[in-house]
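S.K.: What Swiss-Prot shows for this protein is this:
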ACT_SITE  Cys65  active site
ACT_SITE  Glu112  active site
BINDING   His24, His30, His67, Glu110, Glu112  Mn(2+) binding site
BINDING   Glu85  Mg(2+) binding site
DOMAIN    28-160  domain 'Nudix hydrolase'
Amino acid sequence: MEERLILVDTDDRPIGICEKMRAHHEGLLHRAFSIFVFDSAGRLLLQQRALNKYHSGGLWSNTCCGHPRPREALPDAVRRRLGEEMGFACELRPVDALVYRARFENDLIEHEFVHIHVGRFDGTVAPDFAEVAAWRWIDVPTLLEWMADEPSAFTVWFHCMIERAGLPVLHRWAHR
């Protein structure tokens, strides 16, 4: 059975449920989340999306992203997906939300109401390599330089979130 997404209005109020690929073909606004995990040295955990992802394969992005399932509380979904995708758990806290829309080369459209969460973790990362091609810890100045030099190496939503919240702000939230 195909994954189903929670459709929302621009205030994040649920208005329906839809199959994932239909939502992405039609550009329907749906609930999502993005996670930024920092270590105690202040480095951000990045992931490179698996090459076979339905869009943005091979691009670098924040620690983890996902969608809550129908009737799944957002905090539960955030914890679940971090464990599934990156193989660890840590305390995560919500810090911001934004709406973005982007069309991809394969004509899929991401239109998400994204809840941004931050956390701190210093343990072992054990990603699911069906989801993640590679991962690395990176300090904020090096990441910002890399993003300026190679913007096309990163996902659209990662750029949106960095422009909205800024890595230093996310880092401060993670270390409170």
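Here, residue 1 is simply the first one shown, and the rest follow in order.
Just so it is clear, glycine is given a Cβ too, placed from its N, Cα and C backbone atoms.
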S.K.: Quick check: of the recorded positions listed here (His24, His30, Cys65, His67, Glu112), which one has the Cα closest to that of the residue listed as 'Mg(2+) binding site'?
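M.R.: Among His24, His30, Cys65, His67, Glu112, Cys65.
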S.K.: Along the domain 'Nudix hydrolase' (28-160), what average pLDDT does this model show?
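M.R.: Across the domain 'Nudix hydrolase' (28-160), the average pLDDT comes out at 93.
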S.K.: Which are the residues of the chain, His24, His30, His67, Glu110, Glu112 excluded, whose CB is within 8 A of where the CB atoms of the Mn(2+) site average out, their centroid?
M.R.: Leu5, Lys20, Ala23, Leu28, Ala32, His111
S.K.: Would you mind checking how many other C-beta atoms are within 10 angstroms of the C-beta on His24 (Mn(2+) binding site)?
M.R.: 22
S.K.: Sorry to bug you, but what's the C-alpha spacing from Cys65 (active site) to Glu110 (Mn(2+) binding site), rounded to the closest Å?
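M.R.: Pair distance, Cα basis, whole Å: 13 Å.
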S.K.: Which is it, of His30, His67: the one of these binding-site residues whose Cβ has the most other Cβ atoms within 10 Å?
M.R.: His30
S.K.: Got a sec? Which of these recorded positions, Glu85, Glu110, Glu112, has the most Cβ atoms within 10 Å?
M.R.: Glu112
S.K.: Whole-number answer please: how many Å between the C-alpha atoms of Cys65 (active site) and His30 (Mn(2+) binding site)?
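M.R.: That comes out at 13 Å between the alpha carbons.
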S.K.: Looking only at C-alpha atoms, tell me how far His67 (Mn(2+) binding site) is from Glu112 (active site), rounded to the nearest Å.
M.R.: 9
